[in-house]
Amino acid sequence: MPSAFQFQCHLVLIFLAASKGETRYLEVRDAGEDDPFLLLSEDLKRELSAGQIYRRSLRCIDMLSIEGQFTFTADQPQLHCATFFIGEPEELITIHYDFVNIDCQGGDFLKVFDGWILKGEKFPSSLDHPLTTSQRYVDFCESGNIQRTIRSSQNVAMIFFRIQLPGNGFTVTVKKSSNLFPCNVISQTPSGRFTMVIPHQHRNCSFSIIYPVVIKISDLILGHLNGLFLKKPSASCAGVGDFVELLGGAGLDPSKMFPLADLCHSFHGSAQMKIGCDNTVLRMVSSGKHINRVTFEYHQLDLQETETRKENSIEEFCFPSI
């Protein structure tokens, strides 16, 4: 029986709505019949490869993974709406307001958030983002024409809005740009391969996979000797400036997840872990003294794999939640 978080996130957060009142948090509401995840269709991307600009109307609850121009027009008071944007791991998202007609004085709002929020939990977490929480919000009703273009710091961003008067709305153009050194990433898929590089930067980077997975680290360069430690008081990376940790949990915020294992030292080979949590995160902590790099691959964990332990696997976690 899937958990609440799996229901929310394994459908890639398409059944979301903005919260009540003036709060900036999001809450899950009743599931609708439309499936905005269909926009991830490879056929659609191929059709638009000739330089066409994709245009369509936004739903109150929506998700986009493609560039284009998108318009929302209220046909009735819409109090709890949100649109989630996601790109490939190496992409940043730019949102530009082409046209806005809302009643800020009457209680409408239109806000961009640099990242995603779900039930008060943020990705990237406050510990891993270069901006403070307040700086990650851009409120059109406060900034107006001052800031009509907002670019994300990672491959996800979102807008959430309230529009009470039918006929009012807004139009945005969404574009993507390359990110040479992707840091914080939410994976679009339950399987893949990725190399994270932090080049002499004092920062923390998280790669989030919203599925139970088997994750295999094949290469780790931290400038140290070999070593792999389970997260225990007697064997951890406490005091080490550069390390990778594996986290698991039932929410979106890596800082609120359970630490499962530490990798403190460089190695070439294979370290594999089965993680049955609703959300799995590989997080690299970097002091800025080294060029740190980790290569890993992952695929969704199925029930059959929970019964078979491979020789190079370390302990399994969170399996009661599958």
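Along the chain as shown, residues are numbered 1 onward.
Each Cβ is built from the backbone N, Cα and C atoms, and glycine gets one as well.
Disulfide annotation in TrEMBL: Cys264 is bonded to Cys237, selected among Cys237, Cys277. A separation of roughly 23 Å, to the nearest angstrom, links the Cα atoms of Cys318 (disulfide bond) and Cys264 (disulfide bond). Within the model, the domain 'Corticotropin-releasing factor binding protein C-terminal' (185-306) shows a mean pLDDT value of 85, rounded to a whole number. Each residue in the domain 'Corticotropin-releasing factor binding protein N-terminal' (52-177) gets a DSSP state, and the totals come to 10 helix, 67 strand, 49 coil. Comparing C-alpha positions, Cys264 (disulfide bond) sits nearest to Cys183 among the disulfide-bonded residues Cys81, Cys141, Cys183, Cys277.
A sphere of 10 angstroms centred on the C-beta of Cys277 (disulfide bond) encloses 29 other C-beta atoms. Cys60 (disulfide bond) is 31 Å away from Cys205 (disulfide bond) when you measure Cα to Cα.
Rounded to a whole value, the Cα-Cα separation of Cys277 (disulfide bond) and Cys60 (disulfide bond) is 30 Å.
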